[in-house]
6 protein chains.
Amino acid sequence: MRPSGRKPDELRPVSFTRGFTRHAEGSCLVRFGDTHVLCTASLEERVPPWLKGGGKGWVTAEYGMLPRATHERTRREAASGKQSGRTQEIQRLVGRSLRAVVDLVALGERQITLDCDVLQADGGTRTAAITGSWVALFDCLKWMEQRSMFKTWPLKDHVAAISCGIHGGTPVLDLDYPEDSSAGTDANFVMTGSGGIVEIQGTAEGEPFSEATLGELLALAKKGIGELVAKQKEAIA
Amino acid sequence: MRPSGRKPDELRPVSFTRGFTRHAEGSCLVRFGDTHVLCTASLEERVPPWLKGGGKGWVTAEYGMLPRATHERTRREAASGKQSGRTQEIQRLVGRSLRAVVDLVALGERQITLDCDVLQADGGTRTAAITGSWVALFDCLKWMEQRSMFKTWPLKDHVAAISCGIHGGTPVLDLDYPEDSSAGTDANFVMTGSGGIVEIQGTAEGEPFSEATLGELLALAKKGIGELVAKQKEAIA
Amino acid sequence: MRPSGRKPDELRPVSFTRGFTRHAEGSCLVRFGDTHVLCTASLEERVPPWLKGGGKGWVTAEYGMLPRATHERTRREAASGKQSGRTQEIQRLVGRSLRAVVDLVALGERQITLDCDVLQADGGTRTAAITGSWVALFDCLKWMEQRSMFKTWPLKDHVAAISCGIHGGTPVLDLDYPEDSSAGTDANFVMTGSGGIVEIQGTAEGEPFSEATLGELLALAKKGIGELVAKQKEAIA
Amino acid sequence: MRPSGRKPDELRPVSFTRGFTRHAEGSCLVRFGDTHVLCTASLEERVPPWLKGGGKGWVTAEYGMLPRATHERTRREAASGKQSGRTQEIQRLVGRSLRAVVDLVALGERQITLDCDVLQADGGTRTAAITGSWVALFDCLKWMEQRSMFKTWPLKDHVAAISCGIHGGTPVLDLDYPEDSSAGTDANFVMTGSGGIVEIQGTAEGEPFSEATLGELLALAKKGIGELVAKQKEAIA
Amino acid sequence: MRPSGRKPDELRPVSFTRGFTRHAEGSCLVRFGDTHVLCTASLEERVPPWLKGGGKGWVTAEYGMLPRATHERTRREAASGKQSGRTQEIQRLVGRSLRAVVDLVALGERQITLDCDVLQADGGTRTAAITGSWVALFDCLKWMEQRSMFKTWPLKDHVAAISCGIHGGTPVLDLDYPEDSSAGTDANFVMTGSGGIVEIQGTAEGEPFSEATLGELLALAKKGIGELVAKQKEAIA
Amino acid sequence: MRPSGRKPDELRPVSFTRGFTRHAEGSCLVRFGDTHVLCTASLEERVPPWLKGGGKGWVTAEYGMLPRATHERTRREAASGKQSGRTQEIQRLVGRSLRAVVDLVALGERQITLDCDVLQADGGTRTAAITGSWVALFDCLKWMEQRSMFKTWPLKDHVAAISCGIHGGTPVLDLDYPEDSSAGTDANFVMTGSGGIVEIQGTAEGEPFSEATLGELLALAKKGIGELVAKQKEAIA
């Protein structure tokens, strides 16, 4: 039995609030249950130095957590003077995931930055961040389309992410914080709308896991990501 | 005529959403028009080193702005590795303002940290932060009262803040971003519910101003802060 | 009775030693009693990036305190690796104050940096820094005038600063350290030679203060700044 | 055809030089072809603060790359003042991987730090670091055993790691730098001697990959890790 | 001919102003011609961690240069966030030099910090800093003696420092800035009152130098340091 | 008697392994007994900003120590976020020493960086670093010569370095760690192949030393450096 009463293959309630803030070209507050992440997409007419003059654009991400998004207050990274290894890992993952579905040549020589700021955390912030960023990115590209900023629509597919893990011996979908902190094995999956795998990160927190377990987690993830993509489609309809 | 069509002594629509996030002992999303600040109050059973063993508590504040709270994206302070002078000025001001209405002995040897994070900015983020933090602090103290953590209620009065300035030659109340960026003179006032002055910061951006102008701005501020305190009272009713 | 035996409206002995160091275009050791600040004005043929090509110049300031300027040794900011919030607040204030009396177009596209280094501290270092920086800036502009570096004299007025506060229930002028550390209310005023207000920063350290008190402090400040401007005039005569 | 002429499922020549440096309790220079990593295991009689008094030990890792380990000189992280996101990701991975095979209670309340410093890089530095660290850790534990520092041997199994990827459409084992920089899909596998999975990190650099591809890469990894574990056994025999 | 018209073995005018600032236990403004360094000695009742409980004291130094002490303004180290290699070299040298003449056991378990801040620079700031610090240290120890803080006078000897170099082919004493920047060989000598060598640092900026040259520079240094020690004796008389 | 059983004027076994790593234009593992330093020379087609356009090249150095090169593990400088004063002193010394024998005009407008990384430390790391860097630099210049990158061979002479000190009252050559940590006086000498002095750094750790002692140490150094230069010649033969 899961602490939340959910079935093993059941997602938390998921919602997308588009236009949550007004200045960004795209903005979306995504909720995976009690995990709330504000994703904004900011367009800038510049690219990183190593891309200058190549005609290609760039999509990148930054991640942050408000100090009291968590059960106990955590130190503000701006005050401690550096981003933790965890923060850097997550923002690199979000950036790679979104780039996997963007045609950077079609985008043109400009950069879109996805800022993912966790307002409230209850496990799965990185998967919510990826899934919500796709909506913010979509709105940013729509904003550009209205201004005829490209010829070819640069978004090739949906992308979404979910965590799976072994809780009390059972493979379960979309871990919340109580499950995440006690899970023996924890894996994050990033997949496209057409079912391609973009990223897998699986870790045995306690005992090593078997190939069979990996297969079960992957099956759960495919189901969950299918549902997330359906919700993205509703949200942008 | 003000860009927003407001009268010279008219506040923007103000609202307080209590309990915006669930982990903090007190939390409030305050809105001054399009300026939205999430204020959380976090209780910790420790005090800064210089207060240890003295039987007194402490109230402090930290301030941050999400990178795309602004018209143009600004650099994330956690990524640049330090808090700007502006950020430090504001968080010191918020902390002093709240301490002015707290009986630190009644609080007991513990610390409350007010985190003020700007989700969307349209001028006046520091005044909204102070005004909203009072509500978050109130809720944190209520949480403590329910757990019988003190004998005497430590909150001595309301505190709220507003900006005033000269726009197009006229003294106006509660500057929004278009007014703020063009104002000749800009002043922030922090006052208590009973009308005492906690802090005045007035700056002549262009021409120096006169004592008479200071008087006009102060009169506007008193009116505005009176209305803000009334709204705080409604919010906690 | 004030610890120093001064009358409530009496400044400490004030002096300006021009040319205290020889390399700077302008340099002045200012003394407000036992508070000694070395102010130097350095001319550079460049402006900050955001002003490039606009034909306007810039005036900025930096502030530092020698580790043993104070009663107890304080940590060297260069060793701790960052400037404190207090340092940043002060240097921003000094820069704004001086810019208020400089015609930046007349100055031309160049920058003057005022370095204010406290050799000995006894309260009021920021007000001494502003008042002394005006003299260093004057000498720097004279140096430029001798080299025909501008057509119009860019210094529009004097600027000086003083602190006032409530000590033992009485409003007093020019707080020294013993007064400053026990004052209930503390305000810094920056005003021009012609009596315009450039900046007011008033803080209730303990009880909030009234509009009447603000008026009394302002009256003291006007008297004190009048005397400081007279001393500046003597110094450059 | 692979640039090196290797068969798709062929490892580079692998060697372990035990005792490469003399001060560390365990030290091993591991070579995967032209990738050379010096791994040292340092024993300290202390644990991180959050483990104090709990009777459990800790195993952690740090990773570095000499500036000219690479084709082009890269900036020294000590000079730039921070460790990159990549460095932090790798050292967190190495630490997790080794902890997966250590009985931290049997180790007792002390810490072993594995320092992995890349002397020469040709792709796969993180997998070499994990594989070589196991040997350094083994020698450190032998050193402790000789001094009767624990009752139960704390090393539960071997652990080793290898990368796989799609090169020119073919799944290949143990990518070297030319393959790594052109691979469409890249995955790192960490597995135990008994075949359990400790960590999987798979990334689609270009096109998303399928579940079938994941299966092929995993099969290659199992073969490779089996060979690496056999080499570890030879090395410590 | 030297730029200053001095004879090869002639020091610049040297003076010591004791008690230049009032808070420090010892303070001295030392002038070697146009090089002016403020040296303060601060007593603290603590020692570095590695000396705790050992009954020995410590003497250390910090060095700084005001931004406009130099011909061109240099960046403030507190603003750039770190002390340069040059600063660290000098402060380590000053600390070692003073420790060479202090009986750390007689001092007792306390620390004296010598802060050497260059108000104006014209070459030889490190030698002036050492020579002036000795006077500040002497005054600090006198202050302690008056409070009966030790049984045995801890200062074993004088210590002073001077630079020598080859200018225009001739060995000269006490290089000023124009000489220093063009000197082929530059050496700093630290010696005690009784003629013992504490530190030699000689560098060939251009051509390597011979043993004979080293001898000539050492002879000059002995003469110069003899004169400096005589001046120290006058100053404390 | 020396701890190692060496005669007072006897070097430790010295060896140079050229080409220890393959990417650098020059690379050498130098061993002075148990002190092992990896020196690499990296060529870059750029110079520091202050040399741009002047037709001259630059030679610089960086120094690092692997955390467990030492008896006890020391903190990784990349993790602590800054290079120690000792590290900076050494890398400045290595750079100056090598520049003393390079014709920077003949080198042309490019930079060679010598990275000296200590794999194992037993005293004398800076002298080994200088002596080994000369070999790496030689190989880098040979690499350039094969590509006809200059007209005149830019290396004017050999340069090598050795430490000397007083151990148990006797002047000894090439201190190892046990001697270094107990030596009363410690001096490092850098000299050219033709016997010119490039740098002397002598420090009295305890009692000041005499001119006669300096002479004895210098005599030892000349002998030792002569032998080191002979070994360099063998190594490049």
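Yeah, the Cβs are placed from backbone N, Cα and C, and that goes for glycine too.
TrEMBL: automatically predicted annotations, no manual curation.
Counting every protein chain shown, the number of other Cβ atoms lying within 10 Å of the Cβ of A:Thr125 (phosphate binding site) is 24. According to TrEMBL, the feature phosphate binding site maps to A:Arg86, A:Gly124, A:Thr125, A:Arg126.
In the predicted model, the domain 'Exoribonuclease phosphorolytic' (A:10-140) shows an average pLDDT of 97. What TrEMBL lists as domain 'Exoribonuclease phosphorolytic' is A:10-140 (among others).
The domain 'Exoribonuclease phosphorolytic' annotation in TrEMBL covers A:159-224 (among others). Across the domain 'Exoribonuclease phosphorolytic' (A:159-224), DSSP classifies residues as 20 helix, 30 strand, 16 coil.
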Extent of the phosphate binding site in Å [max Cα distance among A:Arg86, A:Gly124, A:Thr125, A:Arg126]: 13
Cβ atoms near A:Gly124 (phosphate binding site) (within 10 Å, other residues, all chains): 26
DSSP-assigned states of the domain 'Exoribonuclease phosphorolytic' (A:10-140) in counts, ordered helix, strand, coil: 42 helix, 41 strand, 48 coil
Packing count at A:Arg86 (phosphate binding site) (other Cβ atoms within 10 Å of its Cβ): 14
Cβ neighbour count within 10 Å of A:Arg126 (phosphate binding site): 25
Shell of the phosphate site beyond A:Arg86, A:Gly124, A:Thr125, A:Arg126, same chain only (C-beta within 8 angstroms of their C-beta centre): A:Ile90, A:Val118, A:Ala121, A:Gly123, A:Thr127, A:Ala128, A:Ala129
